[in-house]
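Below: the structure, in structure tokens.
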Ligand SMILES: NC(=O)C1=CN([C@@H]2O[C@H](COP(=O)(O)OP(=O)(O)OC[C@H]3O[C@@H](n4cnc5c(N)ncnc54)[C@H](O)[C@@H]3O)[C@@H](O)[C@H]2O)C=CC1
Ligand SMILES: O=C1O[C@H](COP(=O)(O)O)[C@@H](O)[C@H](O)[C@H]1O
């Protein structure tokens, strides 16, 4: 039977990458949720709701097997007044409703900014280059460099709680820098953590398909220069990225 997947933040960039990559590939029954109504054709059902609206999220969660939770404020400059409701409280609402609805898996869009403060003056810019061997693998403590990063670390910790307490499978994907078509130009850091659209779709697909308990993985393409390991994503999720920012130099 087709799996039913709730995609929050469906109208955004990451949501678009996932839908573009998976709609024709996979037989998922999509339920899309965003506070902004759709502007384009979309698969499945579209629920216009805010993730802080507990009742609406509960309703949207009915009959769902897996959730890809993207909705939130993606700005690294986002103030506390925004990340507290949109990224922290809204994420708690999503996990809580998922547990109550008997959902199996939640893939959470975390961010490189949850660990941004590892990029110290002493390490940069060398760590963005191929010859440098500094590597974060997901087992390190969060080290945010802004309140947005704090909110993503909070989302990861909420996931840990809902996994340990209720057995929900949770994959936190620390997404790098998603750009369509090619890596960011003249931006070493962005090239080292580039995530192509097709690798993004494939990675979240693996989060729906694979078996896991609680995981933190990095969401980047197989870039020659990288300071995030993708070994865990390969091992646990079966992630097999096709793109590499070096091929666009
Ligand atoms: N684009 C990137 O390179 C990266 C994105 N991420 C994370 O991935 C997720 C998606 O990011 P993007 O697609 O780039 O952002 P986006 O701004 O393009 O999309 C986010 C979507 O979430 C919706 N949304 C925001 N707050 C909401 C709320 N309270 N209730 C319902 N819907 C709400 C917005 O309407 C928007 O359609 C975010 O959580 C972001 O922090 C993490 C790392 C990198
Ligand atoms: O979490 C995010 O990270 C990406 C990449 O960060 P940046 O510091 O290289 O801009 C960012 O583009 C995206 O908006 C944000 O949600």
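Cβ coordinates are placed from backbone N, Cα and C, and glycine is handled just like the others.
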Listed alongside 86, 148, 152 for NAD(+) in TrEMBL, from 111, 196, 221, is 111
How big is the gap, in Å, between the Cα of residue 111 (NAD(+) binding site) and that of residue 148 (active site, proton acceptor), rounded to a whole number? 9
Candidates 86, 111 (binding-site residues); min other-Cβ count within 10 Å returns 86
Apart from 86, 111, 148, 152, which residues in this chain have a Cβ no more than 8 Å from the mean position of the Cβ atoms of those residues at the NAD(+) site? 72, 73, 74, 76, 78, 83, 87, 110, 113, 114, 149, 151, 155
